[in-house]
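Report on the following structure.
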2 protein chains.
Amino acid sequence: MAKVLIAQGGGPTAVINQSMVGAVLESRKFNNVELVYGAFHGVRGIVDEEFLDLTQETTHNLEMVANTPSSALGSTRDKPDLKYCQEIFKVLQAHEINYFFYIGGNDSSDTVRIVSEEARKANYPLRSVHIPKTIDNDLVENDHTPGFPSAARFVAQAFIGANLDNNALPGIYLAVVMGRHAGFLTAASALGKKFPDDGPHLIYLPERVFDVDKFLADVKATMDRYGRCVIAVSEGIHDADGVPIAVKLAKDVEKDAHGNVQLSGTGALADMLCDEIRTKLGVKRVRGDTFGYVQRSFIGCVSDVDQREAREVGEKAVQYAMWGDSDGSVVIDRTGFYSVDYRLAPLELVAGKTKVMPDEFISESGTDVTDAFRLYLRPLLGSGMPDAYRLRQNLVSKVLGG
Amino acid sequence: MAKVLIAQGGGPTAVINQSMVGAVLESRKFNNVELVYGAFHGVRGIVDEEFLDLTQETTHNLEMVANTPSSALGSTRDKPDLKYCQEIFKVLQAHEINYFFYIGGNDSSDTVRIVSEEARKANYPLRSVHIPKTIDNDLVENDHTPGFPSAARFVAQAFIGANLDNNALPGIYLAVVMGRHAGFLTAASALGKKFPDDGPHLIYLPERVFDVDKFLADVKATMDRYGRCVIAVSEGIHDADGVPIAVKLAKDVEKDAHGNVQLSGTGALADMLCDEIRTKLGVKRVRGDTFGYVQRSFIGCVSDVDQREAREVGEKAVQYAMWGDSDGSVVIDRTGFYSVDYRLAPLELVAGKTKVMPDEFISESGTDVTDAFRLYLRPLLGSGMPDAYRLRQNLVSKVLGG
């Protein structure tokens, strides 16, 4: 009889519980599976031996949890090194775990890679499979990653509203979107455009160097043309030397355990860019928002395509481990317009690597996306996307004025 | 034959176009109405004679616009004084307008009051009706105001997600919510609570004095109890002298045309409160969001109750003006659990006044709401509110550890 352990790592997404529930329910279908455990707070819960018995969980409640955003098992920002992974492996052995599924981004896939390696060296019968998840959409090999489509939908919907708001009360509106190295989520703001003069009029991605003077010139040109300006900015924008713009201006820089600078959970970047516009361009009505945590955890704004795929990568992980008897990382391939298929890639191919937006998705100006990106993203947003409408401009002749 | 003029003022809401379309379609039903105009950008568009002929607009497109957030006619922050209102009246006369409907908050109702007075003094046949709208829910006489329920729903849904996120990656999460004088929208965060230990654990309203030391003690007590803390803060929190906390800490304070301090479109208050917690309590993981403009314009998060009522106040305004031949402000009365009725109140009763949360809605601690408030708000949020679920805590015994 076999034991299964499932854990969730990194930042929560709107559909990460779909993957967890997919893996739990699929595992429970296999006759040789006796127990299905969940680790509290990712790898931290494994080394602390904090496990939930998910075998006792009702299918009904699992389905309810699947539709709930954020990691139901809890998560962690711990990034295990070799020693940490050896601790993990020790606990897996002690609890006689045979199947280890870890849902997470590229840091998590690296953990799975090391644990898999440790088990192989110890000749211990363990199958370890990484299940992809990240709103940043920055996993290599994958066409896209579960969690990204729902976050992208939130960003697109937020910009539809922001553009309408800015159209009603003209001025400059700027919003900072998550994405440290990859601009996919910021670029999703472009999917909020419908009419030709709709915003976001300018999109700044970490894939391009950010120059403050160029930025101000772009904003001024947009104001001259439309009398208003809506701007999407990635939290990861940086100068030619790779220094994040947020860091250049923040006095106190907090770093997380991965050595990464804290870019989320502060409105500093938006406020600083707004200040630049106010002082240098002399525009009065400048407003800056930072979408922050809302964009990855908001309940009630989810892509049904994302839900379905997140469920399936969880199910496929179990099938690859049990039928295929292989370790690896589950990967999403796009096969049509719009259809996908799954495969298991070697962990070394995915672990610790970062994908960024390809050049063909970014316009020549560097401040917009291409139709290729629209074609790429639109099907991921799912069904029932809300749509904005306008009054037609049937003008009335003036009586008094010129 | 009569001419109708409709305008939208102040901050946009998710349902302000329902009221506009309600007034347009109802006006078009009256045989004596020849033309229905809409003013671009509120009272600013009136004095500039910038009118759209809404008589030519298709019913179909009006219905599509009704479901689109933000002011389709555009808005303005202009707060007309007597001279400005005399300009408005001059234009209304020049265009032979007989019915003037202005959708807005308490500033807008004051404009309607003055214009109504000018017409009366000039013995000019004008009916002027104010149609209520504000996400702040701060209009007197009204049980609640259109726009508030949908913004409240956004805030509640955002806090459901923020609480789940904070539960997955424990620490301190703080979000600043709109509402200068009235805490209704911030208090709506409490409707995101389901399980007994759910956040927001602390809610700070402008109806109570904000004391930084008390705040830090509250946060510490919550951390000691739950190991995490989710906080909702109104942008309008102030000290015992009435000085906004945001002002106490902001170096450069921007004022809008009403002489109001800019509290939205900046993350300064959230960042400052987070810094206080980090330095004084020594907690590392502190994150602050500012919901900003997203909360009033987000597309795809609307209360169907709000939509219906916003439509009806627009329709009723026309009926009161045409059948009732009266000026006034349309008011929502609650008549059951849950049902409403409408009446026309004298403009002097509503104009320029601000309603705040009654004491019975605020807990004795000052940092939570009461069941009376939950009972008040829940039906307004409408149908299909998303719900969060958890895994049950079936713990597995440790093998290695204590």
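Cβ atoms are placed via backbone N, Cα and C, with glycine included.
Look at TrEMBL and you will find B:ASP136 tagged as active site, proton acceptor. Residues annotated as diphosphate binding site in TrEMBL: B:GLY11. What TrEMBL records for B:ASN106 is Mg(2+) binding site. Annotation source TrEMBL lists substrate binding site at B:THR134, B:ILE135, B:ASP136, B:MET178, B:GLY179, B:ARG180, B:GLU235, B:TYR293, B:VAL294, B:GLN295, B:ARG296. Marked as domain 'Phosphofructokinase' by TrEMBL: B:3-320. Summarising the annotation, TrEMBL assigns site 'Important for catalytic activity and substrate specificity' to B:ASP107. According to TrEMBL, the site 'Important for catalytic activity' annotation covers B:LYS133.
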Model confidence over the domain 'Phosphofructokinase' (B:3-320) (mean pLDDT, whole number): 94
Binding-site residues in contact range of chain A, given that the Cβ distance is under 8 Å, out of B:ASN106, B:GLY179, B:GLU235, B:VAL294, B:ARG296: B:VAL294, B:ARG296
Candidate with the highest Cβ count within 10 Å, taken from the binding-site residues B:GLY11, B:GLY179: B:GLY179
Rounded distance in angstrom between the Cα atoms of B:VAL294 (substrate binding site) and the residue listed as 'diphosphate binding site': 12
Among B:LYS133, B:ARG296, which are recorded positions, the residue with the most C-beta atoms within 10 angstroms of its C-beta: B:LYS133
Inter-residue Cα distance where the pair is B:ASP107 (site 'Important for catalytic activity and substrate specificity') and B:ASP136 (active site, proton acceptor), in Å: 13
Inter-residue C-alpha distance, B:ASN106 (Mg(2+) binding site) and B:GLY11 (diphosphate binding site) (nearest angstrom): 12
Surrounding CB atoms that lie within 10 Å of the CB of B:THR134 (substrate binding site), all protein chains: 30
B:LYS133 (site 'Important for catalytic activity') versus B:GLU235 (substrate binding site) - Cα distance in angstrom: 20
Number of Cβ atoms other than its own within 10 Å, given for B:ASP107 (site 'Important for catalytic activity and substrate specificity'): 18
Recorded positions: B:ASN106, B:ASP136, B:GLU235, B:VAL294 - member with fewest neighbouring CB atoms within 10 Å: B:ASN106
Maximal Cα-Cα distance (Å) across residues annotated as binding substrate, namely B:THR134, B:ILE135, B:ASP136, B:MET178, B:GLY179, B:ARG180, B:GLU235, B:TYR293, B:VAL294, B:GLN295, B:ARG296: 17
Rounded inter-Cα distance in Å - B:GLY11 (diphosphate binding site), B:ARG296 (substrate binding site): 8
C-alpha spacing of B:LYS133 (site 'Important for catalytic activity') relative to B:ARG296 (substrate binding site), in angstrom: 12
